[in-house]
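One structure below.
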Amino acid sequence: MTFQWTAVAAFLYGEIGVILVLCVPFISPLRWQKIFMFPLWSKMAVFWNKMFLTIIVLLIVLFLDAVREVRKYSSVHVNEKAANVNSSAFDHIQMKLFRSQRNLYLSGFSLFLWLVLRRTVTLLTQLAKEMASHAALETQVNDATEAAKKYMAENERLQEALGGKGDGKESTDKTEEKLKEEVEHLKAELQKTSNAFHRAKTEAVAVKRQSEGLRREYDHLMKKFEQLQQSLNKAEDKKDL
């Protein structure tokens, strides 16, 4: 294996390792967000888009080159087989075809997992933001509920005091009306906060479903990769024989 394809294989194994770590269930998205907020990552984020596009271009070029090699040696393989040439030449062409197919899978899976890795990081970041927003909305709802209960209790006590003393004073009526307005205002704020909380909860569920779909897609890809690895090992064993 040449240096460039050794580098692509190492890059592919690194991608698999990183995605496995990102999919570990006991590490929450909030913790990943804290990790992503480290000063080192913030400095690297400036060059992240350029690095991402550069690697995409390199992998596409290697993938297209591997496709060209596969087509080239596939046609030669068919011609050699039809011509019934000696076994050593046929085995050499078959080895070339096997290597070109291996390079095709390496570059193709590396390109696909690079896109999956970026999408996974984006979903984790979005989910962490939604969870933080969800917690903040819960705190606001609880505070608004407590304040509404407090004002309603004060209103009831004032109404009881007014009922005991008798009504007819203008200042007391104004105070009662003001308290009622404050209670209505707090109820409206509570309803608004509750609606925002439900919207954030719905968005968090949608992001979680996207993350689960991505995880299922990654599991399916890993099964295909294991099958490919087994077929490659079998082909290498046959070549050694």
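Any Cβ shown, glycine's included, is placed from N, Cα and C.
The compositional bias 'Basic and acidic residues' annotation in TrEMBL covers 166-181. The domain 'BAP29/BAP31 transmembrane' annotation in TrEMBL covers 1-136. Annotation source TrEMBL lists domain 'Bap31/Bap29 cytoplasmic coiled-coil' at 181-240. What TrEMBL lists as region 'Disordered' is 158-181. For 7-27, 47-67, 104-121, the entry in TrEMBL reads transmembrane segment.
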### Message
Need one number: mean pLDDT over the domain 'Bap31/Bap29 cytoplasmic coiled-coil' (181-240).
### Response
75
### Task
Please list, for the domain 'Bap31/Bap29 cytoplasmic coiled-coil' (181-240), how many residues fall into helix, strand and coil according to DSSP.
60 helix, 0 strand, 0 coil
### Query
Mind checking which residues reach the transmembrane segment (7-27)? Cβ under 8 Å, same chain, six or more beyond either end.
1, 59, 62, 103, 106-107, 109-110, 113-114, 116-117, 120-121, 124, 215, 218, 222, 225
